[in-house]
Amino acid sequence: MIRVFAPGVIKLFGEHAVVYGQPAIATAVDRGAWVLCERGERTVIRAGPAQAQIEYDLDGDVAWARGHEPFLSYVKTALRKAGESFGPLKASFEVKNDFPPSVGAATSASVSVAILKAYSACLGVDVSGEELARLAHKVELEVQGAASPMDTAVSALGGVLRIETSPFRYRRLATPIRELVLAVLPRRGTTKEIVAEVRGLKSRHKSIDAVIEAIGKIADEAEECLSRGDLVCLGELMEVNNWLLGALSVVGHEVVLLLHNLRPYIYGGKISGAGRGGVVVLLPKDAERLAEALKSMGIQHYHVRIDEGGARLV
Ligand code: MEV
């Protein structure tokens, strides 16, 4: 039996702007996707009642599939890409995720990475983190139509990475951040829809280019704060990044209010991912007290640590 963990990904700086070639900084965290793989007669995927069940027939076509549609598309596409890259395999896969789907913690990317890694390991094929990142990005592109390589690269490779997209490059960054708290707000819209709406806004107004460039400059400046170990500077820039994301119409008043109310407990915070609710990443001054405050507000939250390892056998 093969067991794989692929970390979830929290965007610290630069989401949306990264789609247009600006640099971004994202971190892998110690919660994410888990996939068990065991060779057998048939290929069957089980992903818990809330997500999906899929059964492949002997030719590798989907015999039946039931469940959360977007999730099914990622699983089916990841299996097909794995088959094309690593060769045929009959196995049962069990998929679990520590985060609910579509909240902005890169659940689709980490599930794709974990399936590709588990499939190759089940076949006895050793695949590098960079190759995993490349294949998983292809899965995201096929399913979403447009996606930067950020989430898949960070889940496959782990750590805090600076990502550039044209051409794709990444750099591992040293970080003073050890832990983060993630508040989860109700989400309106999928990543695909929200990315398309930002594209629409950008195409209607030339001035949006300046917002996107400013987000890229913040990622550059944040890199300096990271290298100095300056959490105050990072928190402040997270807030500025959040206001700029507001200008792209992906930050609602509930996020602004939440950040305002949590001010005593945090250096700063922002949405993480496509926005319109979902994960709000908080840089805590004291994670325990922050978690207590969120609990008293009745807000779902996760206390996470930075994961340096990337997708791996566990
Ligand atoms: C989604 O996690 C982050 C976005 O920047 C989209 C992408 O990078 O593909 C909104």
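Any Cβ shown, glycine's included, is placed from N, Cα and C.
With a cut-off of 8 Å between CB atoms and residues at least 6 apart in sequence, the same chain places VAL9, ALA26, ALA106, SER108, ALA109, SER110, GLU140 near ASP151 (active site, proton acceptor), listed in sequence order. Annotation comment: TrEMBL describes ASP151 as active site, proton acceptor.
Under the heading domain 'GHMP kinase N-terminal', TrEMBL lists 74-159. Per-residue confidence over the domain 'GHMP kinase N-terminal' (74-159) averages out at a pLDDT of 93.
Feature annotation from TrEMBL assigns domain 'GHMP kinase C-terminal' to 223-298. With DSSP classes pooled into helix, strand and coil, the tally for the domain 'GHMP kinase C-terminal' (223-298) is 45 helix, 13 strand, 18 coil.
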